[in-house]
Amino acid sequence: MDGIRVYIETFGCTFNQADSEIMAGVLREEGAVLTGIDDADVIIINTCYVKHPTEHKVINRIKKIQETYPEKGLVVAGCMVEIDPSKLEAISGDASWLGPHQLRRAPQAVRAASNGLVERITGFTSDVKVKVPRVRSNPLIHIIPICEGCNGSCSYCCTRFARGRIQSYPSDLIISEAREAVASGCREIQLTAQDTAAYGVDTGEKLSDIIKGISGIPGNFRIRVGMMHPASVLRDLDGLVEAFKSEKVYSFLHLPVQSGSDSVLADMERGHTVDEFRMIVERFRSEIPDISIATDIIVGYPTEEREDFMDTCSLLEEVKPSFIHLSKYRHRPRARSSSLDEIDFRELRRRSRALEELKMRITEEENRRLVGSFQEILVVERGRKGGFIGRTGSYIPVVTETGEPGSFRRVRIRDATGTYLLAD
């Protein structure tokens, strides 16, 4: 496939970004040329399908590309391929498909698309996504998928139909890849999975051992640990708290609770209680006082009553996370909760607006506590509108006028918003 020009566009999570980097690496190794969309012979859209708004963005983007570039080959990759093939067939029946477990077959799909043929490469494999060719989107940040899939049974989720049951990758390969990334100049290692704390449930290994192993690599760099399900954290709470104490690990805990009501959590089949979430947060904060907490909330689950919603508001007021990700509940393909009646849309909108206001107040209050303080930041990239973007030791984003990507700087925080800090 020497000389085939390929453009890759990515939607969704950090894991999807890693998938795109792997596809780019595999394609370049086979002789493809990575380029912008206008110059491409083949366009790859790596889809996300976890939320209803993202589904619409993905579908509209596929349609727009087909209208704008009818002469180019199209490969649709990512979660949509496995979750909703009937809808994909309806909107893009002439496109080739590449499932998220089939990244090494990207050259096969691209060759077909470049020749006007349709190739459908789907289904699960046992392919390992570490120590494979990569093209980093940011040369300073290396994303390592440590495991793929989920053994959970959340009633609202469709992602597991795309990613399958959990497959943990060998710890020695993960640590070796991190070592090579640091040696090549990376300043940030991101560990990603659908649930990083579930790492090793199938192999007997633990996430805490991975973190400790990477922390022992010589060099000045940071480790960001991705989202962890509370039920998975409980299996190794002591080890994780200890691992997070390393100065190389961002003091940042992404712990989705989804609801502040135990009855709703039970209906969601989350496998944990509100008190267990509280206990995990309190344990981390007691031993790592500067840790920032991120959590996710689903607003308007079908069985969420007004009292349940107020319990969620109360929990956020109590815990005061630094990052709060809100999603309005909408049915997802193949999810069990799709058999339930959705709540009235006007009520859903009211609850969502109320939570959005609460979120902005809490996150701005938390960020304003840092105004006037001095923080060491890792500058990770140039800002789109000028300046530079860095991260504090607690992973809070900082916008600064001066800097050099890859450098560590001590800055004074002069102002704050609900989403970032401003430094001198």
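Even glycines carry a Cβ here, placed using N, Cα and C.
The domain 'MTTase N-terminal' annotation in Swiss-Prot covers 4-115, and the record cites sequence analysis as its basis. Marked as [4Fe-4S] cluster 1 binding site by Swiss-Prot: Cys13, Cys48, Cys79. For 136-365, the entry in Swiss-Prot reads domain 'Radical SAM core'. Residues annotated as [4Fe-4S] cluster 2 binding site in Swiss-Prot: Cys150, Cys154, Cys157. Annotation source Swiss-Prot lists domain 'TRAM' at 368-424, citing sequence analysis.
Features as recorded by Swiss-Prot, highlighted on the structure.
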residue	record	Cβ contacts under 8 Å, 6 or more apart
Cys13	[4Fe-4S] cluster 1 binding site	Cys48, Val50, Thr192
Cys79	[4Fe-4S] cluster 1 binding site	Gly12, Asn16, Thr47, Cys48, Tyr49, Val50, Pro100, Cys158, Thr159, Ala162, Arg163
Cys150	[4Fe-4S] cluster 2 binding site	Cys157, Thr159, Arg160, Arg163, Arg165, Ile166, Gln194, Asp195, Ala198
Cys154	[4Fe-4S] cluster 2 binding site	Met268, Glu269, Arg270
In three-state DSSP terms, the structure that Cys79 ([4Fe-4S] cluster 1 binding site) belongs to:
helix
Starting from the [4Fe-4S] cluster 2 site formed by Cys150, Cys154, Cys157, give every other residue of that chain whose CB sits within 8 Å of the mean position of their CB atoms, in sequence order.
Gly152, Ser153, Tyr156, Thr159, Arg160, Gln194
Using the centroid of the Cβ atoms of Cys13, Cys48, Cys79 as reference, list every other same-chain residue with Cβ within 8 Å of it (recorded [4Fe-4S] cluster 1 site), in sequence order.
Phe11, Gly12, Phe15, Asn16, Thr47, Tyr49, Val50, Thr54, Gly78, Thr159, Ala162
Counting every protein chain shown, other Cβ atoms within 10 Å of the Cβ of Cys157 ([4Fe-4S] cluster 2 binding site) number 19
